[in-house]
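J.: Pulled these features from TrEMBL for this protein:
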DOMAIN    11-242  domain 'NAD-dependent epimerase/dehydratase'
BINDING   15, 16, 17, 18, 19, 20, 21, 145, 168, 169, 170, 171, 184  NADP(+) binding site
SITE      112  site 'Important for catalytic activity'
SITE      114  site 'Important for catalytic activity'
ACT_SITE  141  active site, proton donor/acceptor
BINDING   192, 207, 214, 274  substrate binding site
Ligand code: GDP
């Protein structure tokens, strides 16, 4: 443990247009941090090592929040593994190394609960990392994220940096991806339920068997956890971030249909993969330090649905693919 964060710190939020990065920017503004630095993809390609080095050499950054990543749901991960491993490794090595060279002391790296083995005891403790094989549908992404947290550990050990890794469970919230071929389950089902109700459909198709269990965290809670970690002077380590409770995909679908007002039948498409059977994080490490998620699932889904309707109103949303 070390000092808390300076309010005047220059904080680079990498990936500020994504769901996590935009939540961080909102939270930093709400908490009164005036010096937040962002770059769009067009302004700074984080897979371009020379450009990343130039950026850090000129910007005098104090803190990096590394939320930039190539992310996607089960179908995108399974069908485009090369993009997921290459782009994430490139972003991580470029940003973490350039940050170290520019004497950035503090960095928060965001991973994912898919870094843990497929057949993990539940709830998943941080110590289970690398104890057995990964889930094959997203192993390329998981390997890249494991490399990212290992980079942080190695730089801390060799160079004395203070780079911390947060491993959130499945996230949802504003600015999520609603494209059905690349999205995660929660936004996909929100969209399907919305469109099924709008179109008066009799059924809604859920991928897989509906029996896998997942845990869902509103992205505003992840942003709160990030500020908590920074403000409590955490300087190293790996921390799970979740709510500590899960539910089946069937139960999630039922909850979403209720929120969106769709009263038809659920149909399960067994040709689609289930992925890992269960992914419930043990969140006691952060809880012992005093942090807990506060946004309930139904409340969070209702707010996200409002946001989806507002941002995809009319016929702006492209047609259903699946
Ligand atoms: P995962 O948590 O890495 O497996 O990623 P996803 O969020 O994409 O999928 C979670 C679970 O939800 C898997 O068992 C999917 O098969 C299931 N699922 C059910 N319907 C859908 C859907 O419409 N889209 C997605 N992405 N997953 C779905």
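Every residue gets a Cβ built from N, Cα and C, even glycine.
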J.: I'd like to confirm something. Which of the recorded positions, 114, 141, 192, 207, 214, has a Cα closest to the Cα of residue 15 (NADP(+) binding site)?
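T.: Nearest listed residue in space: 141.
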J.: Expressed to the nearest Å, what is the distance separating residue 170 (NADP(+) binding site) and residue 114 (site 'Important for catalytic activity') at their Cα atoms?
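T.: Counting only the Cα atoms, the answer is 9 Å.
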J.: For residue 141 (active site, proton donor/acceptor), which DSSP three-state class applies?
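T.: Residue 141 (active site, proton donor/acceptor) sits in a helix per DSSP.
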J.: State, in Å as a whole number, the widest CA to CA span among the NADP(+)-binding residues 15, 16, 17, 18, 19, 20, 21, 145, 168, 169, 170, 171, 184 given in the record.
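T.: Site span for NADP(+), by Cα atoms: 20 Å.
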J.: Sort residue 17 (NADP(+) binding site) into helix, strand or coil using the DSSP assignment.
T.: coil
J.: If you count, for each of the binding-site residues 207, 274, the other Cβ atoms lying within 10 Å of its Cβ, which residue has the minimum?
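T.: Across 207, 274, these binding-site residues, the one with fewest Cβ atoms within 10 Å is 274.
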J.: In sequence order, which residues at least six apart in the same chain have a CB under 8 Å from the CB of residue 184 (NADP(+) binding site)?
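T.: In sequence order, the residues whose Cβ lies under 8 Å from that of residue 184 (NADP(+) binding site) (at least 6 apart) are 72, 73, 74, 170, 171, 172, 176, 177.
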J.: Out of the recorded positions I have (19, 141, 207), which ones have their Cβ sitting under 6 Å from ligand 1?
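T.: List returned for ligand 1: 207.
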J.: What is the separation, in Å, between the Cα atoms of residue 17 (NADP(+) binding site) and residue 112 (site 'Important for catalytic activity')?
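T.: A Cα-Cα distance of 18 Å.
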J.: Around residue 15 (NADP(+) binding site), how many other C-beta atoms are within 10 angstroms of its C-beta?
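T.: There are 23 of them.
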